[in-house]
Amino acid sequence: MPSLRTRREEAEMELSAPGPSPWTPAAQARVSDAPAVTHPGSAACGTPCCSDTELEAICPHYQQPDCDTRTEDKEFLHKEDIHEDLESQAEISENYAGDVFQVPKLGDLCDDVSERDWGVPEGRRLPQSLSQEGDFTPAAMGLLRGPLGEKDLDCNGFDSRFSLSPNLMACQEIPXXERPHPYDMGGQSFQHSVDLTGHEGVPTAESPLICNECGKTFRGNPDLIQRQIVHTGEASFMCDDCGKTFSQNSVLKNRHRSHMSEKAYQCSECGKAFRGHSDFSRHQSHHSSERPYTCTECGKAFSQNSSLKKHQKSHMSEKPYECNECGKAFRRSSNLIQHQRIHSGEKPYVCSECGKAFRRSSNLIKHHRTHTGEKPFECGECGKAFSQSAHLRKHQRVHTGEKPYECNDCGKPFSRVSNLIKHHRVHTGEKPYKCSDCGKXFSQSSSLIQHRRIHTGEKPHVCNVCGKAFSYSSVLRKHQIIHTGEKPYRCSVCGKAFSHSSALIQHQGVHTGDKPYACHECGKTFGRSSNLILHQRVHTGEKPYECTECGKTFSQSSTLIQHQRIHNGLKPHECNQCGKAFNRSSNLIHHQKVHTGEKPYTCVECGKGFSQSSHLIQHQIIHTGERPYKCSECGKAFSQRSVLIQHQRIHTGVKPYDCAACGKAFSQRSKLIKHQLIHTRE
């Protein structure tokens, strides 16, 4: 491919050759009407390129005898040649107010010179939408600056050399009326507000630039362009390491940091290391109770400046933008525009994939990532990627330990505002989620969803081993341990292992004697909250579990299940030694001790062993002389409940034990057994 210098030489030859002039008619007319002037290099080219006025306007060094500034390899000055610094454009005089040039399209600069031919890196090339426009804004041209330095570009149709800068111009005209930013101090005009800002040295607030998409205002044209790229979804900044593209240069810089393996910032307290200084500073604030950021309005202190800024917004009363529908006021006009779409129902941003519409362009961009699978926000610590920046910020708190949301009642901090809202209901007792079937209320929506499965019978969580279904995922996880036999939770005192953490916690109460759950009626304490709930039904008399066969009610669901086996004759618990079956697992456990001879329950008074704890309790009454079971009819007391029940049959006359041979009834089972011996002798 011919070099750019070869093309420039060819262009100079073509410019001197006969044929149609490459100058625009308006430019030719302006030059022909103005008095010709000579300049350094005019003898070499033989062309009076501009008038005295124009030359002075374009080059501030003109008529300065001590200045011999020239650009690289430039023998003479054309009106297209300008210096790259912003001061040259800022010093255009009012005598040249009618001649402001428009930046050409890339294709107009040179038909056969592409961005690649110019040496523009792929990561800095312009988006397609910008490269097809007629004007290059300063921000757009800024994409082309940097590695190119001071390279001159030649156009085949002109003897013009262009430097890649915001001041690149072509021989095209823009009327003076289209320059919206006059400068009162010197009468100078600029095509872009950012040029005026650079001239004044102070950002202008009187003439802000407004985004047509969202109504947000900007002080500079580059900020506006960057905002518009967010709406279009174009990604113009490419990462050299992984090839991923981004719409903002700041995001690209963050991406570069994620590729860096070095974690330069290490905490002296805990040794944790961070790549970014902001994450490091945020983390350090959690080691100390220092809160250096104080609100001047109410005196409340914060450990982070960002938390203070969020808090200060609550004191801001000025909201000049008011909705004429509902009267709600906003601090920003863009927020009002977005709010008004709630009343109008307008959803101007439509997904081209599924047709779903959104009120905000940002929501459309987020939604579109569900189709593309794009996750542009990556954690610099662990590399995990997210589709939304908010999700990344929440995730980063896992690494930093930051908990910026603090409960005003108890001071407990949380990493997420949603968790703070849920926690606050503990103090208020609020239960906003109500079941439409039974009226029961819940503090969390997830609890309501799980509760409703009682009414619907839905069991969405299925075991992939045996196919058994469950209403709750937690119950499924517990069930799956049956198949694996895993017992990952081990007691540090006795070494006993458990399949569930809750079972380990309950077991540890045996060693500590801790019984934190107390009944407010009688003061009895329990090691498990579930046992307290069951106990409280003794006081309330509540029996919520009813048998559908006989109507009998029970205080515990397990008792109902055991009772129902009487009706269906089911005895699922079978002894593997003798084959005897039982309707309760507890009865099987007791029975198996007959085969093993195990008597784990020993009396501390006499050393006698028992296979069941209930037998030990009954035995201990012998030593204490306690008789807690008293007859309500005659006042007689007994050491065992079973003996009291037998005694009460004297008063009631109940004889539940019938002889199958003769039909005679007895109040005690032992008497029936003795009676049956009469029939066996016969």
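The backbone N, Cα and C atoms fix where each Cβ goes, glycine too.
Annotation source Swiss-Prot lists compositional bias 'Basic and acidic residues' at 1-10.
Swiss-Prot lists 62-210 with the feature region 'Necessary for transcription activation'.
Taken from Swiss-Prot, the feature region 'Required for nuclear localization' covers 268-393 (among others). On the 0 to 100 pLDDT scale, the model's mean across the region 'Required for nuclear localization' (268-393) is 82.
The region 'Required for nuclear localization' annotation in Swiss-Prot covers 341-373 (among others).
Residue counts for the region 'Required for nuclear localization' (473-503) under DSSP, helix first, then strand, then coil, are 15 helix, 4 strand, 12 coil. Residues or ranges marked as region 'Required for nuclear localization' in Swiss-Prot (evidence: similarity to another entry): 473-503 (among others).
Residues or ranges marked as zinc finger in Swiss-Prot (evidence: sequence analysis): 237-259 (among others).
Counting residue by residue with DSSP, the zinc finger (293-315) contains 8 helix, 4 strand, 11 coil. If you look up Swiss-Prot, you'll see 293-315 (among others) marked as zinc finger, on the strength of sequence analysis.
Annotation comment: Swiss-Prot describes 321-343 (among others) as zinc finger, evidence class sequence analysis.
Annotated zinc finger per Swiss-Prot: 349-371 (among others), in sequence order, evidence recorded as sequence analysis.
The helix, strand and coil residue counts that DSSP assigns across the zinc finger (377-399) are 11 helix, 4 strand, 8 coil. Under the heading zinc finger, Swiss-Prot lists 377-399 (among others).
The zinc finger annotation in Swiss-Prot covers 405-427 (among others). Distant neighbours of the zinc finger (405-427): 394, 397-398, 443-444; these residues of the same chain sit at least 6 beyond its ends, with a Cβ under 8 Å from one of its Cβ atoms.
What Swiss-Prot lists as zinc finger is 461-483 (among others).
The zinc finger annotation in Swiss-Prot covers 489-511 (among others).
Summarising the annotation, Swiss-Prot assigns zinc finger to 517-539 (among others).
Per Swiss-Prot, the feature zinc finger maps to 545-567 (among others).
What Swiss-Prot records for 601-623 (among others) is zinc finger. Each residue of the zinc finger (601-623) gets a DSSP state, and the totals for helix, strand and coil are 11 helix, 4 strand, 8 coil.
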(message) I'd like the per-state residue tally for the region 'Required for nuclear localization' (341-373) from DSSP, helix first, then strand, then coil.
(response) 16 helix, 4 strand, 13 coil
(message) Please list the DSSP helix, strand and coil residue counts for the zinc finger (629-651).
(response) 11 helix, 4 strand, 8 coil
(request) Run through the zinc finger (517-539) and tell me, per DSSP, how many residues are helix, strand and coil. (result) 11 helix, 4 strand, 8 coil
